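Q: For reference, the structure I am asking about is given below.
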Amino acid sequence: MSTTTPPSPPLHTTHLLRRTTLNRIFSLLYALAILALIHHHLHNLHHSTTPFFFIADLILAFMWTTTTSFRLYPTDRKVFPENLEQVLEKKDFPAMDIFICTADPYKEPPMNVVNTALSLMAYDYPPEKISVYVSDDGGSELTLFAFFEAAKFAKIWLPFCRDNNVVDRCPEAFFRSNDVAFSGSADIKVMYEKMKMKVESVVDRGSLDAEYISTEDERKAFERWDKEFTRNHHPTVIQVLLESGQEKDMKGHPMPNLIYVSREKNKAYPHNFKAGALNTMLRVSAVMTNAPIVLTQDCDMYSNDPKTPQRMLCFYADQSIRHNLGYIQFPQRFHGINKADIYASEYKRLYVINPGGMDGLKGPCYVGSGCFFVRRSFFGGPSSPELPEARHLWPDHVVKMPIRSHQVLDSAHEVARSNYENNTTWGSKMGFRYGSLSEDFNTGLQQHCSGWKSIFFHPRRPAFLGDLPITLYDALNQNRRWCIGLLEVVFSKHNPLTYGSRFMGPLMGLSYANNAYWPILSIPIFIYSFVPQLALINGVSVFPEVSSCWFILYAFLFLGANVQDCLDYVLARGTFQQWWNDQRIWHIRGLSSFLFGFIEFSMKRLGIASKGFHVTSKVVDNEQSKRYNNGVFEFGVPSPMFVPLGTVAIVNLVAFVIGILQILKGGNMNGLFGQMFLSCFGFVNSWPIYEAMLWRTDKGKMPRVISVISTLIALTLCTLVLLVPNA
Ligand SMILES: O=c1ccn([C@@H]2O[C@H](COP(=O)(O)OP(=O)(O)O[C@H]3O[C@H](CO)[C@@H](O)[C@H](O)[C@H]3O)[C@@H](O)[C@H]2O)c(=O)[nH]1
Ligand SMILES: [Mn+2]
């Protein structure tokens, strides 16, 4: 009799979405329609405006092709963490090194960073297997001070969460939403508030008074902030705040490791922003704990689900996919979004819809936060390792010394030196990749190209929740930085279309290109925001007449793209109103951040100074936050990025009014319908801009100077076009 081992229960399953077949059929139809349109354009090239639309439509067609790569294999996954223990015993769970990046105590309040750290330390996971590394690029004693306090509070907070099975393990989120009386929660709240007050008062004052320093350890730590210490030029500071083997929580259970690291900064060496910080963390953690799993977290992205590591393990523990599994990406989700999501800060397409489409191919892009990496994936491809010279940095190295021992601390300082990476392949072949302000996109791309796969998992309850920009200026600035980073990849050797398609296949190449080529959308958006409108003012018809069959083609292309986009959006649990705002913000980005990102990228290439990584502010102004919650656009600052928005708003208004007048006078409605429709669309989309320019009185209105400049430009354009002979 033969015995067979029963098959182990599934840890995860994956399936294609039901809409896949429809998607594919529609893609084919739409592609044919695009070909017909190109044919139509080629026959009409002699018309004066056709070349504009030809260029615009070619770019739109290209972008549509890239979007289609997400629609051919849209995938969804399920995990079964309840089966985990049959495959992997708790004592065999892999260790995890968690990196939390922060860069500025005034834009990223230390109390928020502490909250993120506490939520992650409190994971429902063996604490002795967790090490949290806080990377402080701000080199701030205020942040370190906050973490000394956090380490004390953690000894109470962790057992409280564990014993009461708390789900919101970020203290701030817990106290905000839980009125249920957990045993002891009132006392803990008092302790939390006390810590918060202490930290915030120190941050408000901007310096640390002797009265706040209570132990010898702390005194010694803060001595490192001497007179020479500045944010851009200072020695390495590594402070072990909690050591798992040594420290116990108030119930006697082990604590996770908690380590503060501010890498050495020296103006003579490039620090490569976040990617540089993360590479330092990779090395420092290698000599201290060297866990096989690395979780990267932005300082504002707190854990919203203590079971996330178990869900991640459902993939990691599956031997059949392990050999080339590089990372598991959870989507970036946000808290505090207003109901209509006016700035489309949720980036539903980028963070939720598109990754699901790539998951059916070789896996999603890395988006910078909420991503569990297999450490080995930073050191060459699955079958072509690229290892650092120092043996103790290899991913299989086993650390045998306690993290506070001299040897370990000495090597940690050594690898955090600002010139450590000189003449090495860190940032080019190893670790997080340099050369792009969108280090996340760049790193994921290169990992995929070297043969790694990734997995996208989108649980119902968001695994992480982050802050989002609540002013239009911040939102556009963030987008502008991304564009610079994306263009840096497009114009590098790792272009997703050429290099990417060669190593990942054409569909993955197109998926990556969809994001990378965002900024070129600026061209069709500018053309369609100005040319048909100006022609309308001049009474020139540029689109097919309503009665012609070409009009049906135009209508199909316009409606087809928008209805499908809207369906994708609504099926991903969005609302129609959110989709509406999302399409509007795409136009806004096209007219502002995409263009300005392109300009700054070009200047950077020409060697003219650039701002580098401009950290998004996470500080909330009460007035602004009130307006944001009411769904009111926040302009306020006189940014040149607002000028095209104002100009387009006025040109569309003028065109729409003149169009109506012409029709009333018995003009050519049949020939001008398309243009009337576009001006009307532009007019409706610009509503918040008229409000901000004309009748709002609050601080978030459009600054006068921007209104004046954009009105002048718009009126000049409208007048000039009237001088063009009406052909
Ligand atoms: O020199 C720097 C600059 C930034 N950061 C950190 O990088 C993170 C992201 O910065 P943020 O200003 O919040 O940028 P976002 O645009 O919101 O971030 C998105 O875009 C970045 C790439 O541009 C990714 O790194 C992020 O993970 C992704 O969430 C924050 O934790 C910062 O502290 C550093 O550690 N060092
Ligand atoms: Mn952020």
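Glycine is no exception: its Cβ is also placed from the backbone N, Cα and C atoms.
Pulled these from TrEMBL:
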TRANSMEM  21-40  transmembrane segment
TRANSMEM  52-73  transmembrane segment
BINDING   Lys107, Glu108, Asp137  UDP-alpha-D-glucose binding site
ACT_SITE  Asp137  active site
BINDING   Lys274, Asp298  Mn(2+) binding site
ACT_SITE  Asp440  active site
TRANSMEM  512-531  transmembrane segment
TRANSMEM  551-572  transmembrane segment
TRANSMEM  584-603  transmembrane segment
TRANSMEM  641-664  transmembrane segment
TRANSMEM  671-690  transmembrane segment
TRANSMEM  702-724  transmembrane segment
Q: How big is the gap, in Å, between the Cα of Asp298 (Mn(2+) binding site) and that of Lys107 (UDP-alpha-D-glucose binding site), rounded to a whole number?
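A: With distance taken Cα to Cα, Lys107 (UDP-alpha-D-glucose binding site) is 13 Å from Asp298 (Mn(2+) binding site).
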Q: Going by C-alpha distance, which of the binding-site residues Lys107, Asp137, Lys274 is nearest to Asp440 (active site)?
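A: Closest recorded candidate to Asp440 (active site) by Cα: Lys274.
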Q: Pick the one among the binding-site residues Lys107, Lys274 whose Cβ has the fewest other Cβ atoms within 10 Å in this structure.
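A: Candidates: the binding-site residues Lys107, Lys274. Fewest Cβ atoms within 10 Å: Lys107.
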Q: Where Glu108 (UDP-alpha-D-glucose binding site) and Lys274 (Mn(2+) binding site) are concerned, what is their Cα separation in Å, rounded?
A: 14
Q: Among the recorded positions Glu108, Asp137, Asp440, name every one whose Cβ is found under 6 angstroms from ligand 2, counting any of its atoms.
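A: Among the recorded positions listed, not one has its Cβ under 6 Å from ligand 2.
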Q: Let me know the largest Cα to Cα distance in Å among the UDP-alpha-D-glucose-binding residues Lys107, Glu108, Asp137, as an integer.
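A: Greatest Cα separation within the listed binding residues comes to 12 Å.
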Q: Can you work out whether the transmembrane segment (641-664) touches the transmembrane segment (702-724), with the criterion being 3+ CB pairs under 8 Å where the paired residues are 6 or more apart along the chain?
A: yes
Q: Under a threshold of 6 Å between Cβ and any atom of ligand 1, which of the recorded positions Lys107, Asp298, Asp440 are retained?
A: Asp298, Asp440
Q: For Lys274 (Mn(2+) binding site), which of the three DSSP-derived states applies: helix, strand, or coil?
A: helix
Q: Note down the number of other Cβ atoms within 10 Å of the Cβ of Glu108 (UDP-alpha-D-glucose binding site), including every protein chain shown.
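A: Excluding its own Cβ, the number within 10 Å is 27.
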Q: Near the UDP-alpha-D-glucose site, what residues other than Lys107, Glu108, Asp137 in the same chain have a C-beta no further than 8 Å from the centroid of the listed C-beta atoms?
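A: Checked against the 8 Å cutoff, the neighbours are Thr102, Ala103, Asp104, Pro105, Tyr106, Gly138, Cys299, Val615.
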Q: Round to a whole number and give the Cα-to-Cα distance in Å for the pair Lys274 (Mn(2+) binding site) and Asp137 (UDP-alpha-D-glucose binding site).
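A: The Cα atom of Lys274 (Mn(2+) binding site) is 8 Å away from the Cα atom of Asp137 (UDP-alpha-D-glucose binding site).
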